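Participant: The structure follows.
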């Protein structure tokens with residue numbers, strides 16, 4: 001059977017497609033972007049568009065699907081949102097002028113990490129991450145292509161890399177080295193990332209600079225190379241790569257941020273119910289993004305924290321001026337995104353109008369800040385560059401009523417360009433000239449119904465009905481004959497028409513050229529615009545924090561060097577807002593310099609978790625520079641927060657609750673310092689009772705003796721409260737309850753000392769379990785309470801070689817009696833679990849299990 005002949009157009013498609021095998025290729029053909037072969041089949045299913053075929057009568061018709069070019073962005077967004085890449089192949093010449101097949105080239109590859117234009121613009125950052133490795137060290141760089149932000153750092157291990165990728169909420173990672181298969185599975189299956197390979201670097205001294213380490217420079221250059229390879233243009237809005245270190249900020253894992261509901265509610269995935277939702281009173285898109293960053297990366301430098309506090313205090317002291325400031329910020333558009341559109345060559349007249357309006361607001365904002373007359377604002381005032389020459393250019397050049405498109409005219413203001421004004425005068429006067437000709441010929445010919453009309457085919461013409469044809473003058477010439485009338489022209493009308501058409505054509509071309517020149521001039525200001533955007537964003541965030549502080553009666557925290565926590569009548573900021581101030585029960589939190597651990601007992605649903613989260617949120621708010629919900633707050637500056645709060649466990653990845661508990665506990669124990677905060681909620685619940693109790697006790701002892709971090713440890717193992725007798729830096733607190741007439745009321749108040757009951761059956765009653773079941777549980781509880789559990793201090797365990805928990809129940813058979821060493825044990829010892837991800841640990845254990 002003869003091989004089917006491929007048309008030149010389809011051969012061109014195949015030649016381009018082979019260079020982009022991992023992307024949907026949108027192939028411009030006239031007014032449509034077409035997809036062929038497998039791309040068409042998959043796209044038709046995903047986008048719910050019609051699947052047809054090319055060469056339908058052939059033995060093997062080619063599957064085909066298409067979308068209109070003017071509405072393609074919405075379809076592209078769907079594909080990218082689902083994690084696909086999309087390559088855009090445009091026609092590079094006018095099809096009318098083309099000889100043979102129209103020349104086509106891919107002009108951009110849009111990926112999940114490089115989205116700039118979108119039919120649903122989102123003010124949040126969209127970070128593209130790159131990772132590299134030399135020896136045992138990892139380099140990580142990230143960029144938001146839509147704003148130009150660019151950063152790089154070094155990390156110790158792959159676990160830290162994964163944590164940072166999660167914190168950045170990245171959707172795509174560029175890999176610059178040979179990735180281990182197990183690591184790839186973690187990135188793809190657990191973190192749900194699109195991986196792209198890039199082994200070459202892009203040498204740009206201006207963007208990379210010399211402030212980065214060699215490894216940071218390597219990973220940043222590979223990220224740049226990928227961006228240039230996909231965007232296929234020079235991007236003037238990209239900022240110089242900035243070095244950063246994780247230790248420069250309050251360290252929190254993604255799990256910690258999620259459990260504290262910092263940026264979104266962990267249960268709903270929505271902004272509502274998060275700290276971000278509570279604090280966000282920003283007026284600008286840049287301010288909103290910066291607020292997210294401040295919440296995500298609180299500071300550890302006390303001087304920088306106080307600098308933010310000072311400005312918030314100025315805003316609090318000047319209510320009316322602050323209100324004026326907030327009102328003026330409403331007139332500020334997203335400068336960072338506008339600058340990127342200019343850089344991409346996609347800025348339209350509306351974009352420049354928005355930029356002009358924004359620049360006109362800067363002097364107003366600056367004047368309001370100057371009216372505060374406070375030195376705390378001097379730095380911000382210096383950064384508020386109004387760019388008067390750019391504002392003047394835009395105001396004088398762009399018509400305020402200009403359309404969004406750049407090919408329809410009506411863009412440039414009258415008076416900006418002399419030649420353009422001349423063409424416009426011809427077009428304007430031409431209309432009156434035609435009216436004069438019409439009146440003159442009507443009178444001369446005696447045809448009272450004579451009028452001049454226009455259409456694209458015939459241009460301007462005299463319309464004469466058949467009944468008046470005998471009156472047509474000799475200098476009229478016929479242009480068209482219709483059923484009931486004829487169309488005529490004259491030399492004079494043709495001359496005027498020619499001048500008008502020439503003026504219209506030249507005007508349109510000139511107006512486009514002028515706009516492009518103006519846009520090029522705007523591009524020269526991108527660096528200054530980005531600096532201005534940062535300053536306005538900072539002002540916006542600080543006024544937002546002032547508003548929330550005033551509205552919710554927050555106080556300014558102070559910091560101490562004595563490792564002391566003193567929060568008087570503190571509140572959980574988000575819970576208070578949701579419940580209402582009148583309903584919320586405040587709690588005082590006190591750790592003197594000698595107290596490191598609070599062991600918290602009390603019923604489920606009584607408020608233990610809220611109490612612990614209250615402290616963690618107070619620390620986050622204080623160290624981001626915000627005010628805190630309490631009557632007074634005195635804190636040390638923490639270097640990290642480690643949590644194990646299991647309410648939001650996600651077991652889809654195959655990890656058991658207990659495995660997650662142990663992994664998170666391991667991270668805290670391994671990384672925490674005396675300057676860290678540890679929050680452990682019901683640690684050990686994921687395994688058998690006595691296993692869990694033994695682990696809980698040993699972890700408490702380890703933190704007490706080896707780590708020294710401020711720790712809140714909530715437990716349902718009431719026996720552990722006896723540890724206060726042997727651990728000098730541990731105190732017991734519990735949630736108060738009120739029992740009356742057989743009914744139990746949780747007071748949600750934390751008081752000193754251990755709880756005497758757990759009230760689990762009461763909680764089950766609240767949940768609505770059957771009465772017979774509850775009565776039976778009460779009987780069993782009475783029997784179990786007759787058994788004894790004695791907690792022994794660590795010293796006694798070491799001296800008598802007995803388990804820490806001594807019980808009067810049946811003992812388990814020892815696993816270590818008559819023990820003979822198994823060679824697998826040495827492999828187990830050699831596992832470097834501190835530098836392995838949970839998935840890697842589980843795979844290694846599974847491998848060892850096969851050898852037993």
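Using N, Cα and C of the backbone, Cβ positions are placed for all residues, glycine too.
Fair warning: this is a prediction, and the values are worked out from it, not measured in the lab.
For reference, Swiss-Prot lists these features for the protein:
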- 602, 603, 604, 605, 606, 607, 608, 609: ATP binding site (BINDING)
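On this model, are these features tucked inside or out on the surface, and what's nearby?
Facilitator: Long-range Cβ neighbours of residue 608 (ATP binding site) (same chain, at least 6 residues apart, Cβ-Cβ under 8 Å): 600, 601, 602, 681, 714, 735.
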Participant: Among the binding-site residues listed here, 604, 606, 609, which has the most company in the form of other Cβ atoms within 10 Å of its Cβ?
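Facilitator: Of the binding-site residues 604, 606, 609, the highest Cβ count within 10 Å belongs to 606.
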Participant: In sequence order, what residues of the same chain, 6+ apart, have a Cβ less than 8 Å from the Cβ of residue 607 (ATP binding site)?
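Facilitator: Residue 607 (ATP binding site) has long-range Cβ partners 585, 735, 746, 748, 750.
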Participant: Would you mind pulling the DSSP three-state label for residue 608 (ATP binding site)?
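Facilitator: The three-state answer is helix.
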Participant: Work through the binding-site residues one by one (602, 603) and point out the residue whose CB has the fewest other CB atoms within 10 angstroms.
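Facilitator: Checked 602, 603; of these binding-site residues, fewest Cβ neighbours within 10 Å: 603.
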Participant: For the ATP site (602, 603, 604, 605, 606, 607, 608, 609), what does the 8 A shell look like? I mean other same-chain residues with CB within 8 A of the CB centroid.
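Facilitator: Sorted by sequence, the hits are 735, 746.
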